[in-house]
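The Mg(2+) binding site annotation in Swiss-Prot covers D35, D103. The site 'Interaction with target DNA' annotation in Swiss-Prot covers Y73.
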Amino acid sequence: MDLATLRAQQIELASNVVREDRLNVDPPTIIGGADVGFEQGGEVTRAAMVLLKYPSLELLEYQVARIPTTMPYIPGFLSFREYPALLTAWEMLSRKPDLLFVDGHGISHPRRLGVASHFGMLVDVPTIGVAKKRLCGKFEPLSDEPGAVSPLMDKGEQLAWVWRSKARCNPLFVSTGHRVSIDTALGWVQRCTKGYRLPEPTRWADAVASGRPAFLRWQEIQG
């Protein structure tokens, strides 16, 4: 694995990330969510994608792709490991979302190319990174109140908003993926959060991928 080549690719791709709002449909009518996990000791990569209707946020469609993992886990290069399965799930969708939430980082990455940015550029769709852990940068401690927010800064540059979506829960790191500004990204994540820590698009993607009770109940209702 030639990390120098991958690092150079990241820097080149990151220079082409669009950090301004360029949504084709605004406001979006279909919002997607994506979540990636690994099975069989990391041998299989699993990507789940969901489509939600906006503004109702009802689940319209889901797809789950499982493919052999092609790259080992290397910190800072996770997007290269995850995007093949995401691309497979993306191609399985009957229609494409106007905006995609990705469980992971966008530009809040040491080389400004997390999976939300990498995948957004691959398929040229507006994406938002919604991460549960900090990868780089610093931020001022948040109050315990829901809605508390602080900028994530690195080398004088704001990379994300750190936002506490729910009381007594760790905050989320919301960043530009591609074709969505950092402030617009936070606004959409706030609008799509309904009482849980995660916004509905990535919450549903996780529920589908993991077979959580909310998804099983949805399947029962659908018959």
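Every residue, even glycine, has its Cβ placed from backbone N, Cα and C.
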TODO: Among all chains shown, work out which of the recorded positions D35, Y73, D103 has the most CB atoms within 10 A of its CB.
DONE: D35
- [ ] In whole Å, note down how far the CA of D103 (Mg(2+) binding site) lies from the CA of Y73 (site 'Interaction with target DNA').
- [x] 17
